[in-house]
Amino acid sequence: NKSRKRRNRVSFLGAATVEPPKPIPLTWKTEKPVWVNQWPLPKQKLEALHLLANEQLEKGHIEPSFSPWNSPVFVIQKKSGKWRMLTDLRAVNAVIQPMGPLQPGLPSPAMIPKDWPLIIIDLKDCFFTIPLAEQDCEKFAFTIPAINNKEPATRFQWKVLPQGMLNSPTICQTFVGRALQPVREKFSDCYIIHYIDDILCAAETKDKLIDCYTFLQAEVANAGLAIASDKIQTSTPFHYLGMQIENRKIKPQKIEIRKDTLKTLNDFQKLLGDINWIRPTLGIPTYAMSNLFSILRGDSDLNSKRILTPEATKEIKLVEEKIQSAQINRIDPLAPLQLLIFATAHSPTGIIIQNTDLVEWSFLPHSTVKTFTLYLDQIATLIGQTRLRIIKLCGNDPDKIVVPLTKEQVRQAFINSGAWQIGLANFVGIIDNHYPKTKIFQFLKMTTWILPKITRREPLENALTVFTDGSSNGKAAYTGPKERVIKTPYQSAQRAELVAVITVLQDFDQPINIISDSAYVVQATRDVETALIKYSMDDQLNQLFNLLQQTVRKRNFPFYITHIRAHTNLPGPLTKANEEADLLVSSALIKAQELHALTHVNAAGLKNKFDVTWKQAKDIVQHCTQCQVLHLPTQEAGVNPRGLCPNALWQMDVTHVPSFGRLSYVHVTVDTYSHFIWATCQTGESTSHVKKHLLSCFAVMGVPEKIKTDNGPGYCSKAFQKFLSQWKISHTTGIPYNSQGQAIVERTNRTLKTQLVKQKEGGDSKECTTPQMQLNLALYTLNFLNIYRNQTTTSAEQHLTGKKNSPHEGKLIWWKDNKNKTWEIGKVITWGRGFACVSPGENQLPVWIPTRHLKFYNEPIGDAKKRASTEMVTPVTWMDNPIEVYVNDSVWVPGPTDDRCPAKPEEEGMMINISIGYRYPPICLGRAPGCLMPTVQNWLVEVPIVSPICRFTYHMVSGMSLRPRVNYL
């Protein structure tokens with residue numbers, strides 16, 4: 001045919017010759033030669049290596065070489081006594097661009113139509129029949145050394161795919177796939193599976209299979225490939241990809257698990273990996289392997305010791321029994337597939353069937369991501385996972401899905417469960433709850449905890465109401481028909497509250513409504529009845545959650561639990577009852593408050609005398625009007641608190657820069673006083689990465705007094721708290737899911753990313769090739785070069801010297817008290833972009849105010865005269881000529897001696913914004929509509945705006961005292 005003619009050429013003698021296959025070139029990260037020295041070899045191995053090299057040379061697989069590349073070569077002896085040559089290509093693989101897998105997973109033999117005859121072949125030395133591209137051969141050179149260097153070493157290079165090369169499997173798959181493509185096109189009604197160098201052919205009849213195989217032989221030979229004649233299988237049982245295939249059944253090949261080699265985490269990890277690979281055939285539910293999975297917990301070091309427990313030994317025995325007896329079925333290509341979901345213990349189990357024939361099992365992982373995973377959510381996840389598996393196997397959705405739910409429960413799941421909606425998205429088949437009658441599923445251990453039976457989502461009528469509370473001092477309590485205080489060993493308010501809820505569920509054997517001020521405990525109690533509880537390294541937490549689940553499931557009466565916000569001062573019986581529960585656990589706090597009101601003892605003394613936390617003790621002192629201190633500012637609504645000096649307060653966050661690849665996690669820290677930024681790019685955002693970043697910050701910025709972060713796991717872990725404690729650093733977090741509390745660092749993230757984009761798209765910094773180099777250049781620009789609005793120095797200068805050079809520091813200011821809706825006078829401590837920190841007065845805490853709630857203070861004329869006589873200001877006599885006023889100049893103008901027109905700008909049509917007298921709002925003075933024209937006597941002139949020389953003529957008339965603040969509107 002035409003395709004055959006294209007592949008053949010006619011020589012000058014007239015004989016047909018096979019055109020050599022076209023090699024697939026490799027892509028290299030560098031052309032710089034990689035040379036790894038050959039290590040010495042014992043004489044016996046050296047002789048074997050010479051023999052093997054000569055054999056490969058005769059076959060044309062290698063050739064002599066003078067390449068600047070070199071990889072070590074060695075030999076190993078097989079059980080048969082024969083030697084095998086191997087090349088250590090790790091260094092070369094590191095500079096090869098990976099091609100990626102073409103078959104990410106094994107094909108399932110269950111998709112082979114039942115009763116179809118098979119032929120299975122194995123390609124002989126497949127890698128050695130596929131040529132390397134000519135330009136790539138020199139990269140795979142090796143050296144055979146000489147003993148005592150008594151003669152020159154012999155050097156060769158591979159001409160075919162070497163064993164151990166990174167892309168050899170992918171090139172092999174591509175090469176063999178090209179050879180089989182004409183076979184697939186001509187025999188499209190045959191079922192052909194190809195994996196690496198193993199090929200399976202199935203056809204409806206033997207004659208068609210023989211025709212297909214004959215054509216396949218020719219195509220394989222034309223491609224330069226050879227079939228291993230001793231590995232052709234034509235009769236049952238067939239062995240393919242670890243499975244034993246019969247006419248209708250498929251069984252795993254018989255193996256025995258060696259238990260004496262199971263010593264370390266790595267040993268068990270490999271064992272469970274192998275078992276998981278054949279579990280879809282064995283049908284071992286997740287609950288039946290829980291003890292084996294539990295061995296993987298603990299130390300993550302691969303060489304850490306592990307012990308095979310008696311329970312895990314029984315589970316291994318079960319696996320061995322299943323290997324001996326388990327089987328699945330080949331499919332009927334004309335019949336649809338169905339998915340059955342069984343409510344088994346621990347997690348649901350899925351089974352793909354055709355009629356009543358088992359095709360494959362499906363399971364969920366033993367470990368979950370969430371602390372509580374509802375059983376209904378697990379069913380939905382398993383449905384979505386298995387639907388994708390069925391589509392991958394046969395290209396179609398299952399015809400029917402059978403679930404352990406009633407029609408009404410399915411309807412409610414579509415309404416209320418997001419996981420259910422995702423798992424069944426775009427499914428157009430049948431959802432049923434009638435299982436086929438067969439004995440193959442009877443061994444499964446079922447659970448009845450699919451949907452909640454005891455927990456209610458709405459308040460119960462005619463039921464008792466109980467309020468719970470817990471304290472970090474270890475006390476738990478509840479109030480209601482009766483009161484009870486429980487002493488717990490926990491130093492966590494949430495855990496104490498959890499004990500309170502468990503106690504209520506145990507003490508009240510009747511319908512109850514529970515009200516708690518812990519949202520975390522409420523959500524956990526709502527979900528725990530049907531949830532799979534994720535294992536935690538915290539044994540106390542595991543015990544509490546398991547006890548809570550057992551308590552809920554043992555109840556005979558329903559309950560409802562809801563959340564109430566604590567300390568809201570709202571009217572009503574719910575708030576009052578919750579406060580009563582609070583009082584039961586906070587008696588020590590009340591006594592501490594009483595002692596401080598009497599003696600004003602400091603926070604350390606309160607913590608030493610009473611069972612209160614540091615935060616509670618500090619709050620008592622800070623809320624005392626006699627004990628307030630200047631360096632503990634309160635937070636005004638709408639403003640992020642800043643530090644009042646370098647390293648007083650940092651904000652820290654993790655942002656993502658996708659262009660950095662593996663190092664896309666960029667940890668960012670900003671000093672809220674100086675706005676000095678430091679960032680490091682890392683491979684993750686766990687606690688270890690955060691600590692690594694902070695140590696880098698300490699080396700550059702110093703050690704802070706306080707750090708504020710979000711509520712990410714890396715910042716809330718015990719390891720991170722211990723790290724901060726060692727460095728004597730205070731730590732606070734913002735409100736969960738509310739980024740406004742981290743506004744400074746969030747804005748810094750945006751600034752840093754913008755700078756990176758500027759450098760990448762418009763910079764001339766080709767030497768910055770790595771992510772950290774790009775980051776360092778951006779940080780240098782932002783810290784040492786940029787000067788921001790309202791500042792006269794860089795962030796680095798401010799951070800190192802502690803000087804901000806703000807023109808308004810120390811000046812009087814009007815600030816708006818949003819709580820009382822009044823304007824008060826204060827003194828500016830620091831002034832930044834869009835914010836200021838103001839001291840309201842002596843013995844009062846500073847407040848952070850948005851600049852939109854600030855106005856410049858205008859002192860009475862008497863105070864102005866006194867200040868003019870004591871401060872370095874320039875006295876000026878009244879005159880008709882303009883007075884030159886510079887930025888930040890202060891000029892006291894004496895009163896006039898005659899009557900003139902009201903004050904106005906010399907420039908036509910301009911206006912002056914003037915504050916009159918004391919505690920009055922600013923008014924507009926000038927010719928424009930709406931401006932007043934008051935008479936004036938004296939005023940102090942200041943020009944706070946950045947502008948060139950301002951020339952004004954001031955006309956003096958008798959009247960009230962005022963001071964103008966010049967602002968062009």
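Cβ atoms are placed via backbone N, Cα and C, with glycine included.
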I'm validating the feature mapping. Which of 161-164, 641-644, 737-740 is tagged motif 'LPQG' in Swiss-Prot?
161-164
Check Swiss-Prot for me: it has Asp469, Glu497 binding Mg(2+) 1, so pick out which one of Asp507, Asp509, Asp517 it puts in that same site.
Asp517
According to Swiss-Prot, which of these ranges is zinc finger: 83-124, 167-208, 419-460, 587-628?
587-628
Swiss-Prot tags one of 27-75, 223-271, 811-859, 860-908 as DNA-binding region - which one?
811-859
Using a 10 Å cut-off, grab the number of neighbouring Cβ atoms around the Cβ of Asp469 (Mg(2+) 2 binding site), all chains included.
28
According to DSSP, how is the domain 'RNase H type-1' (460-590) divided among helix, strand and coil residues?
57 helix, 29 strand, 45 coil
What counts of helix, strand and coil residues does DSSP assign across the DNA-binding region (811-859)?
3 helix, 29 strand, 17 coil
